[in-house]
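Undergrad: Structure in structure tokens, see below.
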Amino acid sequence: MKVEERLLKYVSYWTTSDESCSDIPSSEREFTLAKALKQELETLGLTNILLTDHCYVYAKLPATPGMENCKSIGFIAHMDTAPDFSGKDVRPQIIPDYDGGDILLKGSQDVLKVSDFPSLASLKGRTLITTDGTTLLGADDKAGVAEIMTAVEELIAEGTPHGELWIGFTPDEEVGAGANLFDLAIFQADYAYTVDGDYEGEVAYENFNAASAIFHIKGVNVHPGEAKDIMVNAALVGCEIVSRLPEAETPAHTSGREGFYHLTDMSGDVASATLSFIIRDHDKTTFKKRLQNLRDLAQSMNQKYGPETVTLDIEHSYENMLSVIEDKMEIVDLAKQAIASEGLTPLSRPIRGGTDGARLSFMGLPCPNLGTGGYGFHGPYEHISVEGMQTAVRILKNIATHPIRK
């Protein structure tokens, strides 16, 4: 099966994860794709195939004769799609020989604009797959799943010598839980790669340090006609907290290695209010300073409005995997060589987000991230080229056929 055929098949499964549920998987519908992948792996003849009760899929492709003394390689992708936008009833548009211009998304009559996505210009002449504007596409990360499956199928069919490969497909990556129950006792790779990036020549090994922060604000609600020097309006305290954070350090004003405070939810009234933030920074020292700034801000509000007016809960999400990967750069070099073999210039840039690989790296499995060839993830402007996916498949095969010796 061609890689684009696999993608179109996989996106037909509705696998949106549910951020309101703490179970794994967060939605039972994720099992529909997991079961299909298990069956496909069985048909391909892999071994050690397992679909767990928590919707993790594992499989092994044994090394070919003469390659047994190499370190085992893992390829990992996630099956869920982001809850940011609908992933149900996906109807892709296929555009052969893309002309490089704006694209009408026929389901919504919205337009995918080159001015908004300059990378489209580099895809001129390719076969493009987009959404119809009513859903996301799901190339994040079903393109990664399709590329891994296609690479495995082609390695088997071609009889190309390769090292031992472990395949892992996870649920709930988009709600931050993809690595929570990933079992390294089952998945016995020495190192691995998530296939969850964009540009097909990407190898990323640095990501944000991340935390969530929730301000709980308790007001004093009395009749407004008798409120002087008594009322504490929790909603206004919340507005004041937001106003005291630097506007320039929000997602809309940052890029590259710049971190941010991101207000994700705000609700409340006079009696009580809640502010939810996510905090991100690549630099660990700056990240810690951001968290301390929030603690200081909560303390300042309590000094102004009274003790226990504001309480702050901070929960750490994940860390920058650079501290793990920098001692194992041979796996990055292997990926760069695999990319260069396809005539591409390897691109390494800090991920402005997180991946399962970041968590797995701290669990003992070094795991950089590779590109899929997709762009515009998490919304109706998501798109990918067939040629980009085909290149990603070849890069995976290059890695598999040049394993690191023990």
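Each residue, glycine too, has its Cβ placed from N, Cα and C.
It should be emphasised that the depicted structure is a prediction, and the values quoted were computed from it without experimental measurement.
Residues annotated as active site in TrEMBL: Asp80. According to TrEMBL, the feature active site, proton acceptor maps to Glu173. Positions annotated as Zn(2+) 1 binding site by TrEMBL: His78, Asp140, Asp196. Per TrEMBL, Zn(2+) 2 binding site is recorded for Asp140, Glu174, His378. Residues or ranges marked as domain 'Peptidase M20 dimerisation' in TrEMBL: 205-304.
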Undergrad: Counting Cβ neighbours within 10 Å across all chains shown, tell me which of the binding-site residues His78, His378 comes out on top.
TA: His78
Undergrad: How would DSSP class His378 (Zn(2+) 2 binding site) in three states?
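TA: Reduced to three states, the DSSP call for His378 (Zn(2+) 2 binding site) is coil.
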Undergrad: Using the Cβ centroid of His78, Asp140, Asp196 as the reference point for the Zn(2+) 1 site, which residues of the same chain not in that list have Cβ within 8 Å?
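TA: Going along the sequence, the neighbours appear as Ala77, Asp141, Gly144, Glu173, Glu174, Thr194, Val195, Thr355, Thr372, Phe377.
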Undergrad: Out of these recorded positions, Asp80, Glu174, Asp196, which one has the fewest other C-beta atoms within 10 Å of its own C-beta?
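TA: Comparing Cβ neighbour counts within 10 Å for the recorded positions Asp80, Glu174, Asp196 gives Glu174.
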Undergrad: DSSP says what for the domain 'Peptidase M20 dimerisation' (205-304): how many helix, strand, coil residues?
TA: 40 helix, 32 strand, 28 coil
Undergrad: If you compare CA-to-CA distances from His378 (Zn(2+) 2 binding site) to each of the recorded positions His78, Asp140, Glu173, which comes out shortest?
TA: Asp140
Undergrad: Name, in the order they occur in the sequence, the residues of the same chain whose CB lies under 8 A from the CB of Glu173 (active site, proton acceptor) and which sit 6 or more residues away.
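TA: Residues satisfying the criterion: Ser17, His78, Asp80, Asp141, Ala179, Asp196, Thr355, Asp356.
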Undergrad: Distance between Glu174 (Zn(2+) 2 binding site) and Asp140 (Zn(2+) 1 binding site) at the Cα atoms, whole Å?
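TA: So the alpha carbons of Glu174 (Zn(2+) 2 binding site) and Asp140 (Zn(2+) 1 binding site) sit roughly 9 Å from each other.
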Undergrad: Applying the rule Cβ within 8 Å of the centroid of the Cβ atoms of Asp140, Glu174, His378, what extra residues of the same chain belong around the Zn(2+) 2 site?
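TA: Other same-chain residues with Cβ inside the cutoff are Thr81, Ala82, Asp84, Leu136, Asp141, Phe377.
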Undergrad: Quick check: in three-state DSSP terms, what is the residue listed as 'active site'?
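TA: Note: the residue listed as 'active site' is coil by DSSP, not helix or strand.
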Undergrad: Let me know the DSSP-derived helix, strand or coil state of Glu174 (Zn(2+) 2 binding site), please.
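TA: Assignment for Glu174 (Zn(2+) 2 binding site) reads helix.
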Undergrad: What is the average pLDDT across the domain 'Peptidase M20 dimerisation' (205-304)?
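TA: Computed over the domain 'Peptidase M20 dimerisation' (205-304), the mean pLDDT is 97 on the 0 to 100 scale.
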